[in-house]
Amino acid sequence: MKPKAVLIGPPGAGKSTIGRRLAQALELELVDTDAEIERTTGRTIPEIFTHDGEPRFREIEESVVRDALQATDGIVSLGGGAILSDRTRELLQGHTVIYLEISVAEGLRRTGANNHRPLLAGGDPKVKYQELMRRRRPLYRRSATIRIRTDGRSPARVVGQLVSKLQDK
């Protein structure tokens, strides 16, 4: 099996919302890897980060991503930091990977002071988000086969564009 598409992007880009709506529009299953991690471990992502650390979280995430890519022909939505793993980027090769692009300002507006996002907790949220994007943006761009901006666009409009692009594939 091979997913119809894999969604990547930073926190606040709309991966969960767009993923859910895109799956509905295409009448496909959605696999949200963050939700799968929580389901399979019985813990929240912040709990895993706090008790086991980011390296262990990324190992769990790699395994969940691998399983999701093998087990569904639907839509797979990855956590924002999944792209940091060399192994995960290797797993994405040969798949339709959609990068949901967003500006730092819009990403900050959408995520706010969300303390459920471990890598944005503590310190100046703007500085943290800018650093996160500086590090991840090149990885998102290299991994993507389709790029679409979500700033100032309704989820319905983004999904409509993606449905058109995916039907052309």
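One is the number of the first residue shown, and numbering goes on along the chain from there.
Backbone N, Cα and C atoms are what each Cβ position is placed from, and that goes for glycine too.
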Out of Asp32, Asp34, Asp151, Swiss-Prot lists as part of the substrate site with Arg58, Gly80, Arg136 the residue Asp34
The correct three-state DSSP answer for Asp34 (substrate binding site) is helix
Filtered by Cβ under 8 Å and at least 6 apart in sequence, the residues in the chain of Ser16 (ATP binding site) near it are Asp32, Asp34, Ser77
For Lys15 (ATP binding site), the nonlocal same-chain Cβ neighbours (under 8 Å, six or more residues apart) come out as Leu7, Ile8, Gly9, Asp32, Ser77, Leu78, Gly80, Leu100
Going by C-beta under 8 A and a gap of 6 or more residues, the same-chain neighbours of Arg136 (substrate binding site) are Pro10, Gly80, Gly81, Ile83, Leu84
Span of Asp34, Arg58, Gly80, Arg136 as binders of substrate, largest Cα separation rounded to whole Å, comes out at 18
